[in-house]
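Positions annotated as transmembrane segment by TrEMBL: A:44-64, A:90-110, A:122-143, A:149-169, A:176-200, A:220-239, A:265-292, A:304-324, A:336-353.
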Amino acid sequence: MINQSLSMPDTPTSNTSPNGYRLVSIGQHAQILIEKEAIVRNTWLLLVLFFASIITLGSGTMAISPKEVVDVLLGQGDTMNQFVVKDLRLPRLLAAIYTGAAFSLAGCLMQTMARNRLATPGIIGIDNAAMAFAVSSIVGMSVSLAPSFMALAGAATATALAFGLAGGSGTRGYRFIVAGIGIGAIAGAVTQLLLSQVSIDVANSAYPWTVGSLSARDPFMVNTLSIGIAICVIGCLLFSRQFALLPFSDQVITGLGANIKHIRILALILCITLTGLAVAVAGPVGLVALVGPEIARVLSRYRGIPLISSALTGALVMMLSDLFGRTVLSPIELPVGIVTAVIGGPYLIWILVRRSSRSSL
Amino acid sequence: MQSWFLKSPAQRPLFAVLVSALFVLALCCLLSLLFGAGGLTPQASLQTLFGNGSPDDEFTVFHLRSTRTLIGLFVGLTLGIAGALMQAVARNPLAEPGLLGVSAGSSFAVAMALVMGASTATLTVGIAQLGALIGCICVLGAARMQGQHNDPIRLVLAGAALSSLLLAMTSLILLFDQRAADEIRFWVTGSVAGRDTHTLMSVLPSMLVAAACVLYTAKPLASLALGERVAIGLGHKPRRIRGIIIIAVALLVGGATAIAGPVAFIGLVVPFAARALVGPDIRRTLWLCLPLGPIIVISADIISRLVAQPTEMPLGVLTAIVGAPVLLLIVRSRRLPTL
Amino acid sequence: MTATAFKQKPNTFSASLSADKLSLKHGKISIIDQLNVTLPEGQVTAIVGPNGCGKSTLLNGLSRVHTPSSGVVMLDGKDIHSLPSKEVARRLALLPQDTLAPDGITIEELIRFGRHPHQSLLRQWAMDDQEAIKYALQAADLEGLKDRLLDTLSGGQRQRAWIAMSIAQETPLLLLDEPTSALDLGHQIEVFELIRNLSRQGKTLAMVVHDLPSACRYSDHIIAMKEGEILTQGSPKDIMTKELVRELYGVDCDLMPDPMTGSPILINIRRLKS
């Protein structure tokens, strides 16, 4: 029963932080809460990522021991090793880390926004549109821009179209999702059309763009992506309090004094920037966006939305998938998109088929 | 003159609408024989039809175009019915074989068969149907298990996810086999051109089975539309009905895919149009889907021949361009979960 | 054991909420047209009426969740839509019907979200946050449950947790949309008593209620609505008549005062004879 004799609690003498958080006070006006568990979790993930990177840099047709890799990274080691590690493998490794982080972060944001674990940018057709644009540039059906730029343009166009057709954000943005699926279907059909019209050689050269691959990526795009990710991660950190409200119903969010439309548009912009840039580097490797956040969610008990952990797990998944694709059937190289599909596939089917009370996010 | 057309859809006499639709269908077939890419003018085609054409013209009209029309007829018929059935079973107006990954399942199976060295038409058809069945069970099973049939968007998302997975798998197999890749590149676009009647013949037996399934379940399906419990109360067995329908859908979609490749959105547009014309009762819409499917496929095919002359625009691309707006239209009309 | 046991929170100020010629639409359908209403300060107001009469819409309109097509909602004499949303959230809390929460959230974490309007990027946790949460837990009698997961609670406890979140918001105004729907009798009483307790501290409360006797018993002021209009309003004893019940719900009944509390109860309810 309700306690009838309520009184104000005794005024606490010190400001103790809530369970599981550490309070960082900077002067009088800044009190910032930091989740202890997240710090521990993300530190572990970073460590794993680092060690996996060392191993990745050492694996391939020419095996290099982890010690030698570290030597090279510290500026020592022989010229051959320097060349292989720094010039051949490092750019590819960075591309994998960046794209994995970008896809996964975007996936986590969109899943949260749509409150559905299947709603990732790839599945609602943004990847497809980017792919269609990139392929059109390769098969010479459009202005001769580099495919990576076309991919970026494609992602932007698809989102703008979906947003326009959906007529604003709507309830839970579900029209946006369906509009995206529709546009994705058209883009897929157009890609098939383009590929069926050209000679087999041209079609083969466009192939990486249809499955997603990390070999010989545009270094300029990789650099752009790294800057984009840095900005988006900062954005996510700055607005994490607002994003944490997204799982509530619209009325609750408004009731708590937050502007639901602004939050959603902001999240959407971050999503699209990340997905667009990542597709421009690696092509459609959308399943990372599904798997990365899921691993992050398993690792973290609920405390807000595991955005940063998603980025880290995504990077890890992408890197290991690429390593697997490079080495398992060597000298044949499996495109990373296919490896992630093979890894993500069974997992996806598991989500679809298992009986779960947590059917929604 | 046609005062029945002014009535509300559910009150229109089915027979009159059906006859008008059949008339339009006949017109479409005729146009399909008359128009096409290449040098043959419509006038010359018409003369050929009446028996006054050169052997070349006769070959074009009676062999190429008539086969193509026949296949269009078949594909429209099967996909339209499959769409209507799927929507009734999923109780979701967005359920469509292409969107839900059933066609993708079928493509995957066909790619698999091609890589394994299959070539006989019968084998491909059976395999496409098996793939469709697996896709169907996956997506509908997922939807039912998570209680998603109340949320149309989730079902579509599950379908999109399944499709993207199956497409990636298809790419994977094709990576290992250049010949199959080359062969399937044209097939996956979805087209009714350049297929032969032989394949059509090999599909027919399974279509008869599907037709029997549909006839058997049409009535219980109408009560299933009122909800599972109501259907049980009326003495039907929802599980069995659903099972039979899923098999019928797999047979139909697999057959159509084996012949024309994955053609998306027909299963969405046809039942949508049928409902707009004769109201939501499945027994009425199914009848109307029979002529409407072929009308849409054949007219889309005619347009695809004409817009991109002298080359052709594959049917699958055109239906996607026509179908995606319909998808949006359905979503925008706020009465979503009321099927 | 009375209201005097409550110490007034120092930053609790009174707030007035009223609507002036408020019109609300769902798409093109007009739900409420040119409605004037004022919530009496410091009292519990119950909004009653048949299904679809616009009760919830009115509540959403008053809490700026539903944007009016014309007219204004005045919060402390200012147009609620002209005030910053966060500012409004510090004076007015809303507990909607559709309360969806993240999976795996504990009671305390849920209540902490109530502090959102008082916090900012650089001010994520201050003394008053801590106090407010402690107070909300105590007021809703949830101290022993604070680390339990929300999903594992009973319906009544869960509803109390949501109300506690609104309490932590420390607003002088609290609007509740059917706070007791889908709760059994015992849980209903739990929630209603909590609402009465909050009113004793000087909060202004408004709630949409379906059950007429409960509305009479637990509110000071009743607003009876039908078809988007206010039929009558006033204290339960004054306005509750057979005629009103007939006009609202189309049933005949007799009224008698509850022998213990004196609030009107409905007896002998029967279908209207035409």
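Yeah, the Cβs are placed from backbone N, Cα and C, and that goes for glycine too.
Automated prediction, rather than curation, is the source of TrEMBL annotations.
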Cβ pairs under 8 Å with the transmembrane segment (A:90-110): which stretch of A:149-169, A:220-239, A:265-292 has the most?
A:265-292
Between the transmembrane segment (A:44-64) and the transmembrane segment (A:220-239), are there at least three Cβ pairs closer than 8 Å, leaving out pairs fewer than 6 positions apart?
no
For the transmembrane segment (A:122-143), the distant same-chain contacts (Cβ-Cβ under 8 Å, at least six residues beyond its ends) come to 103, 107, 110, 150-155, 157-159, 162, 176-177, 180-185, 187-188, 190-191, 194-195, 197-198, 202-203, 205-206, 209-210, 272, 275-276, 279-280, 283-287, 289-290
Lying 6 or more residues past either end of the transmembrane segment (A:304-324) yet within Cβ distance under 8 Å of it, the residues of that chain are 35, 38, 41-42, 45-46, 48-49, 52-53, 55-56, 59, 92-93, 96-105, 107-109, 112, 214, 229, 233, 236-237, 240, 243-244, 246-247, 285, 288-289, 291-293, 295-297, 334, 336, 339-340, 343
Residues of the same chain, at least six outside the transmembrane segment (A:265-292), with any C-beta under 8 angstroms of its C-beta?
95-96, 98-100, 102-110, 112-113, 117-118, 120-123, 126-128, 130-131, 134, 148-149, 151-152, 154-156, 159, 163, 169, 208-214, 217-218, 221-222, 224-225, 228-229, 231-232, 235-236, 239, 242-243, 246, 310-311, 313-314, 317-318, 321, 335-337, 340-341, 343-345, 347-348
Beyond a gap of at least 6 residues from its ends, the CB atoms lying under 8 Å from the transmembrane segment (A:149-169) belong to 124-134, 136-137, 142, 175-176, 178-180, 182-184, 187, 209, 261, 264-265, 268, 272, 275-277, 279-280, 283
